[in-house]
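> TrEMBL lists these features:
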- B:ARG46, B:LYS52: NADP(+) binding site (BINDING)
- B:ARG123, B:SER124, B:SER125, B:ASN239, B:ALA240, B:GLY283, B:LYS298, B:PRO299, B:ILE300, B:ALA301, B:THR302, B:ARG324: FMN binding site (BINDING)
Number of protein chains: 4
Amino acid sequence: MNTFGKIFRLTSFGESHGRGIGGIIDGCPAGIELDMDLIQKDLARRKPGQSKITTQRKEADQVEFLSGIFEGKTQGTPIAFIIWNKDQHSNDYNNLKDVYRPSHADYTYQQKYGTRDHRGGGRSSARETIARVVAGAIAKQILAVKGITIQAFVSQVGEVKMEKPYTETDLTKTDDNIVRCPDEETAAKMIERIEKAGKNHDTVGGTVSCVARGIPAGWGEPVFNKLHADLGFAMLGINAVKGFEYGSGFAGTKLSGSEHNDVFIHSKDGIRTKTNNSGGIQGGISNGEDIYFNVAFKPIATLLKEQQTVDKDSNEVTINPKGRHDPCVLPRAVPIVESMAALVLVDHFLLSKLNSM
Amino acid sequence: MNTFGKIFRLTSFGESHGRGIGGIIDGCPAGIELDMDLIQKDLARRKPGQSKITTQRKEADQVEFLSGIFEGKTQGTPIAFIIWNKDQHSNDYNNLKDVYRPSHADYTYQQKYGTRDHRGGGRSSARETIARVVAGAIAKQILAVKGITIQAFVSQVGEVKMEKPYTETDLTKTDDNIVRCPDEETAAKMIERIEKAGKNHDTVGGTVSCVARGIPAGWGEPVFNKLHADLGFAMLGINAVKGFEYGSGFAGTKLSGSEHNDVFIHSKDGIRTKTNNSGGIQGGISNGEDIYFNVAFKPIATLLKEQQTVDKDSNEVTINPKGRHDPCVLPRAVPIVESMAALVLVDHFLLSKLNSM
Amino acid sequence: MNTFGKIFRLTSFGESHGRGIGGIIDGCPAGIELDMDLIQKDLARRKPGQSKITTQRKEADQVEFLSGIFEGKTQGTPIAFIIWNKDQHSNDYNNLKDVYRPSHADYTYQQKYGTRDHRGGGRSSARETIARVVAGAIAKQILAVKGITIQAFVSQVGEVKMEKPYTETDLTKTDDNIVRCPDEETAAKMIERIEKAGKNHDTVGGTVSCVARGIPAGWGEPVFNKLHADLGFAMLGINAVKGFEYGSGFAGTKLSGSEHNDVFIHSKDGIRTKTNNSGGIQGGISNGEDIYFNVAFKPIATLLKEQQTVDKDSNEVTINPKGRHDPCVLPRAVPIVESMAALVLVDHFLLSKLNSM
Amino acid sequence: MNTFGKIFRLTSFGESHGRGIGGIIDGCPAGIELDMDLIQKDLARRKPGQSKITTQRKEADQVEFLSGIFEGKTQGTPIAFIIWNKDQHSNDYNNLKDVYRPSHADYTYQQKYGTRDHRGGGRSSARETIARVVAGAIAKQILAVKGITIQAFVSQVGEVKMEKPYTETDLTKTDDNIVRCPDEETAAKMIERIEKAGKNHDTVGGTVSCVARGIPAGWGEPVFNKLHADLGFAMLGINAVKGFEYGSGFAGTKLSGSEHNDVFIHSKDGIRTKTNNSGGIQGGISNGEDIYFNVAFKPIATLLKEQQTVDKDSNEVTINPKGRHDPCVLPRAVPIVESMAALVLVDHFLLSKLNSM
């Protein structure tokens, strides 16, 4: 159950304080020239310590490829890779060995497996998402060949929301600020909001939005594997995610059908829709318009303040974590959202080759 | 790509105006005595024509089992079943043969497959969900043996919302009214809202909420197949669904971590949490609390009023559908949401047998 | 575990004395025009009662399609089908309810599931292979479009063996005699051998050989899903099969490497091999030469003579089956072998679309 | 397509002359204490240079675990591992860059992927089986807890065959000689035969047999995933394998049903069979008797003598390989056969937990 994808499959491994985090990509077509810098660049966008609003923990996060690439090109064989763990302060967690931190996976892992690696969350650590970023960065390069771009951005932090629709912003400006919101004014408020949370030794949640452009009509499967169902599944598998909506989403439930329907029109680019409440997907299949969706992230559970909880013997205990943690996960989640979207889309690109003879 | 589930697998087949809709359930344990009336009862909750606020189309929707059950008990072998199509007015659709109805799957199917069965949506019709209700009704019976109940209900229609938290309502009253909202007062307003939409030849969306009780701690997989990711995937695969959130959901993104965290406490039932913003799932694994989530349904696209669109040759055309259609899909979606939840949960029940020796 | 195939997937259902046998084919490309007569013709080659050397049981074995085909063409949606059971003498088996017939699946099913449908073997009956023949007949039609033919034939019955290599026979003559051996002289001896077994109320085994022609180089997966591993898996899943070998097979183990190696040569058709000990597969991947293999069938276990055995309470009992059974399964196994080969090959045809961009 | 298994899944990676060979085991139950020495011991049985009749190439083949094991116990999370490549003489292969060696995978890989790593066979090298031995050694330890043993041995080399049935030999003596045949006298002849092949710069094939004891009745799936079909699939996926038979195998095809049937008897251990032509499997499901099977290995294709072939441009060339290669792969294949059998059996052990509630 650590494999993602149907054709282009990532199997991920590793614990936050073990030897490293990595994975195997199976099903990657042969003959693709990979730009290693682009992969490393996405890892840098995800890594801790990149700005004043992220954790100050330093991790190099250098990927090392173990197979499947020869003379710079994919071979069609499995691509294995690892990011070695370094600077892991495992001893920071010794006092948490038998304690169940609130809203973490400590208790549930123990119940599931009867055992757990308590060091820094073990397998449940968000550090595991490194593997997804590596695979996603490869998927992005495949999609780029087909003219497809994927851009995620922070659209809300706590109560601070980017009110402007994405169609009226320049998404290429997303990485121009440290919070990764393409609207400069909103970005400034978001940064302020995160700094406030940090000062309070507290955390804050928000939403990441994502837009995929250039996807031709016809990708997606009609029943269970609707394109948005696969995207939602991918997003809900990211640590701290609490919700997913695409196109008009939850707000669209308040519209009447005559307001909501996207009328087909004839255009110079062929058949298009006048509006895009469908978020580029109809009946589970792409219709050629922009695909866009929102992902809800809870405020992360690790607080640098005193909290009540219980230990494995049901004793009440007080914890007061030390260490270096994010007050807000959103800016670092942007490349993760993009990566998971890329994995889903490259899978449906490959599946689309099988629709007809 | 018409199979749902990992261990308990439903493969669905059928078009709305073909011979029938059905499926094969593979991986159902042997020796389970099935109550056929319970299956038929859920089909009745889903079927058209059941009340004044649903379509007046009459469908008997009687399930016929073809294999896998002998002397009333499951055999461990595949359970095949069919619901024969009857009273299908295929000719109603002849004039739509080459037309792409707005916000339907007509255009995208044509783009994907290069061909399509235009009669009543073919495979994209929501009639396909019958197969899921049959499988889900079996899954529910397996879960019931383990003391697990699943109850969905309509929590919002258009702007009419049940404001009371579910914990303060009696969910067993859900089926006491035709809209399936357990709060009688809200239900009355919802019915009014749907009737208004019907009179306008328009449609209205809303949300279905669902609560699963009795699930032990330890179900769910840590990385991609988080319990809520599988639930979200299942819900997003239902026709007309635009979003999914569990626990605190999108609203939770506005809380700070210290407000959001669910503190563990010692209780007579063992370890519990004081609040349940986690929606019964932490790190992707159940923690023994109620699992609850919301599902957003768009207003359905079939309007009994004139609409502009184009045909396959990009000609602009006006359509004016006749026939018998739902002004609001929500009341009939309740058993579908429950069924998909049951399929996910029974799968994780079976998977949980594999965690340890 | 009742699904076969990776892309083109058959899920089979049904018991020999239940309502019927059928299946769902998922993953069949859209737009293929199907010749229903060819499907029915293969069912006729498999059906009982077709000649004096097969069981005299009469089964019509008419396939009824339930979905996925519209106006004679595949739709890309699941193709469901059923062959209704008729003329099933379920009562013939009442006296066997608690008895474990020697070398049947009665005992093992009971041990596995704690329950079983005793009527005619239930799910373990070779009647289940009907579903495979239907799916295989569709797969053959897809392969035929690509110029690929698959021909199986009976190469051995008991000690009677076709000594001539297949390359020196005319495989199109296979169906010219009732035993389905392309060498007329050997066929006559085989028929004699089967009639002898029938007279003795006994049964006889043998081998079916199969040749697939026209497969381009490059099909197959390098490690676990070697083309011959998938073929072997498919064959070993057929009732009564005890062994599989391809190319030089078991005999090849006695050669030295210098005798066994297939030397590459330049020919007008491009690169070819001088000999074909590899059976058209090298490193698990097709090399463009004929693919050929042998399948060992045991003598079937149902004898029309007295046998000792035990019942479920370990009591020793004597059984003396009545009814209509085959003295030799080989002639009827020919279309089953072809069908399973076709399912494997069509899967690898589809997989081969994914090797590169 | 580099994943083996349904519940206990090995995904393998690596090329013979890349960074290393390894894999991820997903689905291993939590809480199993692993004996690392037993894993290393099986690697030593597989490794080159272990005796005078194997290649003199030296490889340390030390496994390094990267995840999933904490304080000596499996965690239920993915177990990743690598065996780093050392002492790889990649330059030995430079002159073979564009040449298609006879009966190797050079040509077919090139046709499949349009590219290949020519160094030492790349992904097609039998060195990849190291990953299977590691995973298999873990599977064996799980099975051992259940009282199950798996013992493979060399039963034939060229025309030298162990005539004694395995039931009359002491299988624990298998590793007492370098050819791994439990019959000392036959072993001596086999060694002689291999030495002869080596002196001739030639190679020789043979068969490995395998016996699994202690498997309870009820493992295996009835239709496609018959226990022997999964075993056959596993064996046919091993490099150089040309055939598989279980129980009476190909020889059994010559028996009549009355000779072949295994009569059930009542014994102090419950229901048993008098004979075991079924090889411990009936209807695809284990019956509690010994499971035994034979695997045919061709003489390996790498000869240390001159051979004719062609290069990628169809030019005829003569190759004359140097280096250190095995004259006979059989003795080193013994742990590989055991490993693959263990992977299949542990999978069916886990699947058997799902048969009933």
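From the backbone N, Cα and C atoms, a Cβ is placed for every residue, glycine too.
Just so it is clear, the model here is predicted, and its values are computed rather than measured.
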> Given the binding-site residues B:ARG46, B:LYS52, B:SER125, B:ALA240, which pass a C-beta cutoff of under 8 Å against chain A? Sequence order please.
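Answer, by Cβ distance to chain A: none.
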> Could you tell me which of the binding-site residues B:ARG123, B:SER125, B:ALA240, B:ILE300 sit with their CB under 8 A from some CB of chain C, listed in sequence order (or 'none')?
B:ARG123
> Compare all C-alpha positions of B:ARG123, B:SER124, B:SER125, B:ASN239, B:ALA240, B:GLY283, B:LYS298, B:PRO299, B:ILE300, B:ALA301, B:THR302, B:ARG324, the record's FMN binders, and send over the largest distance in angstrom.
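With B:ARG123, B:SER124, B:SER125, B:ASN239, B:ALA240, B:GLY283, B:LYS298, B:PRO299, B:ILE300, B:ALA301, B:THR302, B:ARG324 as the binding residues for FMN, the largest Cα distance is 45 Å.
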> Considering only the binding-site residues B:ARG123, B:SER125, B:THR302, which residue has the minimal Cα-Cα separation from B:ARG46 (NADP(+) binding site)?
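Closest by Cα distance to B:ARG46 (NADP(+) binding site) among the binding-site residues B:ARG123, B:SER125, B:THR302: B:SER125.
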> If one measures from the C-alpha of B:SER125 (FMN binding site) to the C-alpha of B:LYS52 (NADP(+) binding site), what distance in angstrom results, rounded to a whole number?
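Their Cα atoms are separated by 22 Å.
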> According to DSSP, which of helix, strand or coil covers B:ILE300 (FMN binding site)?
coil
> Have a look at the binding-site residues (B:ARG46, B:LYS52, B:ARG123, B:LYS298) and report the one with the fewest Cβ neighbours inside 10 Å.
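So among B:ARG46, B:LYS52, B:ARG123, B:LYS298, the binding-site residues given, the one with the fewest Cβ atoms within 10 Å is B:LYS52.
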> If H, G and I count as helix, E and B as strand, and all else as coil, what does DSSP give for B:ARG123 (FMN binding site)?
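Going by the DSSP assignment, B:ARG123 (FMN binding site) falls within a helical segment, counted as helix.
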> If you run the three-state DSSP split on B:LYS52 (NADP(+) binding site), which class comes out?
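DSSP assigns B:LYS52 (NADP(+) binding site) to coil.
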> How would DSSP class B:ARG46 (NADP(+) binding site) in three states?
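Reduced to three states, the DSSP call for B:ARG46 (NADP(+) binding site) is helix.
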